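Undergrad: In case it's useful when we look at the structure, here is the feature table from TrEMBL:
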- Thr51, Ser52, Tyr53, Tyr54, Gln55, Asp96, Asn145, Gln190, Trp305, Gln306, Leu307, Leu315, Trp337: cyanocob(III)alamin binding site (BINDING)
- Cys64-Cys107: disulfide bond (DISULFID)
Amino acid sequence: PETGRLALYLLGLRAACPPPDPSPQRLLVTWLKYYLEEDWAGSRHHGHPLTSYYQYSLGVLALCVHRKRVREEVIRRLLAAEHHGRFGHDGGSATDTEAVAALAFACMERERLVGPGLAAELRAATRRVRRRMVEAQGEDGFFGNVYSTPWAMQVFIATNTCRARPAYGRAMAALLENLDAFSTAMTMAQALPALHGHSYLDIAAMHCREEPNTLTPAVLEPLPKVPGNMTVRLLVECPEPRCPQGRLYDQQVPAPAGASLLDVLRAAAAQGPHSFTFDTQDTSQGPFLSRVLGLGARRHERSYWQLLTAPGTSLQMGVADYRPRDGETLILRLSQW
């Protein structure tokens, strides 16, 4: 199912003020409703969506922004997941998923797409999510990490609680100090609304006839080249029982200074005699590491290739964005989500 991608496309389409003819838009909304059902039914015996709760929540949010009702069962699936703490993955942060779900809850309540009883449940769930975000805010000011923080901030904006929460001000300060982390169109689209005091819910209230046509192509300057070379240690780990040997690869990899992690992987693949292979998939957030040493992430096992620096710090950037330091140890670990 293409739940998340189609949901993001529909959000972007609404924000860009589509042509007056609603026919193509209606067809896409119908497809999104279909994908939401397929997403869940395809993995019903596992008790979670076939893709992820993040994508599933995005789908509900997109339908709400387009002011389309969804079946109560669809909403209650998300409510049950929030109530039972199922949004996390592999012990990591669930902030981005919780935030997207909370935005969907707040949207359905605001747009009056549900009855009074269900609206009260959605409001209570949103409050719980907001409270957990405040309690889990890091010393660096982030909610979860730098990329999930704009999502969390949108929840405070959508529920009109920014001024009453000092945590929001801390998050805004942290975000302003780390704007260089947002280097793709997708991450920028998450950060810009929060920086301007808006949330995705505001898209539903846009009056397109009053919107000026100010879109112009962006010209991105290439990153400056850093002179010299560096060497990083590259480890590939795979847990039992899938990989009895545990560590599959452990080599020093030379690369140009300032190279991205993706460049390091390419350098590892080019150096011998130790054969290293990998594959990536293009996504809206840049290249996604899909296969390493012939081992692919398996959706039905909810597995993915996690990127870390030793001894176990999860990277907050993708393979094309992260730039290792000389002497750093990088870990590619097959993990569960």
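Cβ coordinates are placed from backbone N, Cα and C, and glycine is handled just like the others.
Since the structure is predicted, the reported quantities are computational estimates derived from the model, not experimental observations.
Where in this structure would I find these features, and how exposed are they?
TA: Asn145 (cyanocob(III)alamin binding site): 18 other CB atoms within 10 A of its CB, across all protein chains.
Counting every protein chain shown, the number of other Cβ atoms lying within 10 Å of the Cβ of Cys107 (disulfide bond) is 24.
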Undergrad: Ranking the recorded positions Cys64, Leu307 by other Cβ atoms within 10 Å, which is at the bottom?
TA: Leu307
Undergrad: Sorry to bug you, but what's the C-alpha spacing from Cys64 (disulfide bond) to Leu307 (cyanocob(III)alamin binding site), rounded to the closest Å?
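TA: Pair distance, Cα basis, whole Å: 34 Å.
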Undergrad: Whole-number Å distance between the CA of Cys107 (disulfide bond) and the CA of Thr51 (cyanocob(III)alamin binding site)?
TA: 22
Undergrad: Between the Cα atoms of Gln55 (cyanocob(III)alamin binding site) and Cys64 (disulfide bond), find the distance and write it as a whole number of Å.
TA: 14
